[in-house]
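Data first, discussion second: the structure below is written as C-alpha cells.
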Amino acid sequence: LFKCFLLENDPSERVSAEASVLSSRVHYYSRLTAASDRLLSPPDHVIPCPEELYVYSPLGMAFKVTGGDGGAKNPSIVTIFAIWNTMMGTSILSIPWGIKQAGFTLGIILLISMGLLTLYCCLRVLKSPKSIPYIDTSDWEFPDVCKYYFGKFGQWSSLVFSMVSLIGAMVVYWVLMSNFLFNTGKFIYSTISVVYLIILVTLKAIRLGFHLEFHWLESTQFYVPEFRLLFPQLTGVLTLAFFIHNCIITLMKSNKHQENNVRDLSVAYLLVGLTYLYVGVLIFAAFPSPPLSKDCIEPNFLDNFPSSDVLVFVARTCLLFQMTTVYPLLGYLVRVQMMSQVFGKHYPSFFHVFTLNIFIVGTGVCMAKYYPNIGSIIRYSGATCGLALVFVFPSLVHMISQKRRGELSWPSAIFHSLLIVLGVANVAGQFFM
C-alpha cells in the first residue's frame, strides 16, 4: 500500500496526477534500500503531511487514513492512577529502612533524585518505539526495540533482566506472605491484650510524638547521622520502587490522549514519590522511640510493631490478601515471557510449566526460611534489573537514535553516559556496602 494525495475527500475520486507522481517516487525510494537503512530513505518533501495521508489500493482508489481507538481508551486520571497502583508494591515497606541506611537528609535527597532519574529513563523507554523510522512499531514492547538496535543480545538480555525483576518480586511476596500469615496466626492466639495495647500505643504516640535530632556528621546515642556510607542500599531499593519500565509502553497505549503521555507519566511518578516520602519520613521520624535506636528499624517496618497490634494486623491481612491475588499474576507474566522466548509457546507443556513453578516457589520458600530480608532482596533485584532496563538500554537506544538522525550532541552523550555509569555504580554498591 502507498500513501498519496486526493483532489477531493470523496473516496470515489480517482487518484490525481500529483498523487501518482508522489506514489511513484516513494515506490522508487523503497526499492533502493531496506526500510531500516536511512541512507537512501525518501526525503521529507516526498512524504505527504499527516493530515493528507491516504491509502492507495491496487484498484486505483484512495481512502483517507483515520485513527481508530483500537479498543477502549482511558482518560488521563485513570491512566495516572493505574501507573500509581502498578508501581506501589512491596518496596514501600522497605523505604523507612532504606532512609535509615542512607541517613535522614541524604535519604530524602536520594529518593527525590532517583525518582527524577527513573522518570527520565522511563520517558526514554516510552518514546523509543517512535524513534524507529518506516516500521510499524505500534505493537512493539521495549524488548522488541532492544532487538532492533542490539539484535539477539538485546532481546535476550532484556528478557533476563525483566525476569530478575518479576521473580525477585515473587520471592519478596512469598517471604512477606509467610511473615504475615505467621503474625496473623499469632494475633489470633493472643487477643486478650488487644484493648490494652491499643490504649498503650495511643498514649505513647500522643506523649512522645516525633523523635528527630539533626546531627549532620556524627551519630548520637539514639539516632543515626544525616549521611551514611550505606546509601547504595537505598538506591537499590528505590530502583525497584520506581521500576515500571518493562511495561510502561503497554500501560500508556490505553491512554485516550496520547499527547498527554509525558504529563500523565510525570504526575504518576510525582504521586508515587510523594507516597514514598510520606511513609518513609513519617515512620522514620516517629519510630522507634527512646531508649531504642533508629537502627532498630526493620527492612519490613511492620515487623517493628507487635503481632497483636490491631492496626498492623489489619494491614498485614490486607497485604496478605493482595499478594495472594497478585502472586499468580506475576507467575503468569514470568511464564508467558520466558516460555514464548525459549520455546515459542506460552504453554509448551505441563512438565515445562510445572518445572518453572517448582523453581520459583522453591526459591521463595528457601529465601523465606534462610534469608527473609526483603530489603536486601529488593535492593539486589532492583539494582540488577535497573542496570539494563532503567539506565543502560534506554540511554543507548536514545543515543543511537540521535546519532542516526544526526542530532547527537556532546552534552547528550555525556549525560546519558553518566546514567550508564550510575547504573553500574548502583549494582556495584550493593555488593560493597
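Even glycines carry a Cβ here, placed using N, Cα and C.
TrEMBL entries are annotated by machine, without manual review.
Listed in TrEMBL for this protein:
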TRANSMEM  77-97  transmembrane segment
TRANSMEM  104-126  transmembrane segment
TRANSMEM  156-176  transmembrane segment
TRANSMEM  188-210  transmembrane segment
DOMAIN    191-429  domain 'Amino acid transporter transmembrane'
TRANSMEM  230-252  transmembrane segment
TRANSMEM  264-287  transmembrane segment
TRANSMEM  310-330  transmembrane segment
TRANSMEM  350-371  transmembrane segment
TRANSMEM  377-401  transmembrane segment
TRANSMEM  413-432  transmembrane segment
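For the transmembrane segment (310-330), the neighbouring stretch richest in Cβ pairs under 8 Å, chosen from 104-126, 156-176, 350-371, is 156-176.
For the transmembrane segment (230-252), the list of distant contacts is 79, 82-83, 86-87, 89, 91-92, 94-95, 97-99, 101-103, 106-107, 110-111, 114-115, 118-119, 121-122, 125-126, 129, 140-142, 158, 162, 165, 168-169, 258, 261, 264-265, 269, 272-273, 276, 375-376, 378-383, 385-386, 389-390, 394, 425-426, 429-430, 432-433: same-chain residues at least six beyond its ends, Cβ to Cβ under 8 Å.
With a threshold of 8 Å between CB atoms, the same-chain residues lying at least 6 positions outside the transmembrane segment (350-371) that come near it are 167, 170-171, 173-175, 178-179, 331, 334-335, 338-339, 343, 377. The listed stretches are 104-126, 156-176, 264-287, 377-401; of these, 377-401 has the most Cβ pairs under 8 Å to the transmembrane segment (413-432). Long-range neighbours of the transmembrane segment (377-401) within the same chain, counting only residues 6 or more positions beyond its ends whose Cβ lies under 8 Å from a Cβ of the stretch, are 90-91, 94, 98, 118, 121-122, 124-125, 128, 131-132, 142, 145-146, 149-150, 154, 157-158, 161-162, 164-165, 167-169, 171-172, 175, 232-241, 243, 245-246, 367, 371, 408, 412-413, 416-417, 419-420, 422-424, 426-427, 429-430.
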